[in-house]
Amino acid sequence: MRKNPMDVIKKKHWWQSDALKWSVLGLLGLLVGYLVVLMYAQGEYLFAITTLILSSAGLYIFANRKAYAWRYVYPGMAGMGLFVLFPLVCTIAIAFTNYSSTNQLTFERAQEVLLDRSWQAGKIYNFGLYPAGDEWQLALSDGETGKNYLSDAFKFGGEQKLQLKESATQPEGERANLRVITQNRQALSDITAILPDGNKVMMSSLRQFSGTQPLYTLDGDGTLTNNQSGVKYRPNNQIGFYQSITADGNWGDEKLSPGYTVTTGWKNFTRVFTDEGIQKPFLAIFVWTVVFSLITVFLTVAVGMVLACLVQWEALRGKAVYRVLLILPYAVPSFISILIFKGLFNQSFGEINMMLSALFGVKPAWFSDPTTARTMLIIVNTWLGYPYMMILCMGLLKAIPDDLYEASAMDGAGPFQNFFKITLPLLIKPLTPLMIASFAFNFNNFVLIQLLTNGGPDRLGTTTPAGYTDLLVNYTYRIAFEGGGGQDFGLAAAIATLIFLLVGALAIVNLKATRMKFD
């Protein structure tokens with residue numbers, strides 16, 4: 001009797017078994033749980049929450065048959081959440097804090113650092129280290145009285161207290177040299193030497209022991225007292241520092257470093273619009289960023305469209321060669337082209353200035369004059385961007401029916417009329433979304449500015465470092481990493497948040513304007 005094919009049970013391989021699948025998922029779940037707990041214990045709450053959400057969603061999707069379709073979407077969604085949304089949330093969160101090079105620690109860690117500081121209080125003793133078989137002996141000498149003190153033999157390892165006795169002479173044997181002391185510096189730092197009178201001394205330099213005491217003492221009300229000067233300090237959660245207090249309880253001028261991170265609310269955002277040293281360069285840089293992006297988009301589209309029309313011209317011979325030559329700037333990595341142009345535009349030895357000097361007797365100051373520096377940026381960016389627009393236009397030109405040009409030729413239209421009446425209107429509509437994307441890209445064109453001008457020439461009289469060719473993204477970078485008064489990550493994050501809102505608003509306005517124009 002012939003078996004029904006439906007009755008045949010498909011044999012599973014060992015790697016397709018449910019037991020193996022659930023075992024692997026269980027191990028992954030345990031590993032993720034351990035990592036989340038570890039992150040939470042270290043105070044990295046945002047990382048812990050993100051890891052928990054992404055991992056839980058992934059385990060559910062790949063364990064549940066009903067969510068099979070989501071397996072194709074999950075990698076893209078997880079990537080977007082991890083590399084787009086997570087950095088965005090982190091940036092916005094930092095914008096509401098005073099996080100900077102001077103305020104990186106938590107309050108507890110900053111307090112620990114201050115309490116670990118000590119000051120030298122008491123006599124200074126010269127010390128020597130002498131071998132005693134497999135062990136060592138510590139010898140101290142008082143330079144004022146000439147007395148010598150000697151410890152019993154000991155071995156290095158961990159914190160230990162050595163009782164010293166007065167000795168008439170130094171131990172026999174060769175004194176350890178500086179190399180040996182340097183190699184055992186950490187172990188020597190853990191030794192507390194107790195003198196016959198009960199005073200305790202510790203290593204203060206590579207050749208000396210001295211009496212040390214904690215510089216600060218933590219009082220019951222949370223204030224720190226300087227044991228050397230008697231000044232009291234209280235945590236000021238408005239600025240994130242321990243700050244001195246006067247006798248009447250008011251804040252003094254002295255602040256203790258390191259500081260700690262606190263929430264400052266909208267302070268970083270208000271600084272952008274109220275601090276003249278930040279407001280003036282910010283507004284000027286914003287205007288220049290918009291102008292730079294608009295001019296770049298206009299020139300790259302114009303040059304790319306015209307060249308695309310020329311290389312598509314039927315009467316032109318050798319079109320393939322021209323296409324290859326015109327696309328070459330797009331094939332060369334942009335950072336290489338930018339550095340080559342930086343050499344060509346060199347004010348003293350660049351080929352461009354040599355040629356202009358020979359022809360017209362002028363040598364423009366490409367890097368020291370704001371106007372010529374901006375002109376140079378637009379020239380270089382047009383060179384880098386037109387091949388992309390040309391490739392797009394070459395493809396879109398194929399979609400325009402030849403009947404339109406034949407009909408216009410019968411009406412006596414010329415090449416310019418064909419371009420402005422037929423080609424341009426039919427190309428501009430499909431190009432609009434790409435032009436908006438190009439605008440957003442050039443709005444944040446960090447690499448061009450950083451490699452070609454580094455934002456220069458610099459503006460004078462500003463609170464933060466700013467240059468005439470800086471875009472907003474470069475301005476943010478300089479505040480975060482190149483500030484002369486320290487790296488202000490909170491202010492940089494606030495400006496980055498404003499850039500995000502500005503680019504988003506401009507994109508929405510452009511899309512709505514385009515929709516109104518073509519509807």
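Just so you know, glycine gets a Cβ as well, placed from its N, Cα and C.
What you are looking at is a predicted structure, and each value in this text was computed from that prediction instead of being measured.
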Swiss-Prot annotation: N444 and A513 on one membrane face: no
For the transmembrane segment (324-346), sequence-distant contacts whose Cβ falls under 8 Å of one of its Cβ atoms, 6 or more beyond its ends: 307, 311, 352-353, 366-367, 376, 380, 383-384, 386-388, 390-391, 447-448, 451-452
Long-range environment of the topological domain 'Cytoplasmic' (63-74) - Cβ separation under 8 angstroms, sequence gap at least 6: 21-22, 25, 57
Stretch-level contact, the transmembrane segment (418-440) and the transmembrane segment (289-311), CB cutoff 8 A, at least 3 pairs: yes
Chain residues outside the transmembrane segment (289-311) and at least six past its termini with a C-beta under 8 angstroms from it: 319, 322-323, 326, 374, 377-378, 381-382, 385-394, 397, 419, 423-424, 427, 431, 435, 438-439, 442-443, 445, 471-472, 506
For the topological domain 'Cytoplasmic' (312-323), the number of residues DSSP places in helix, strand and coil: 5 helix, 0 strand, 7 coil
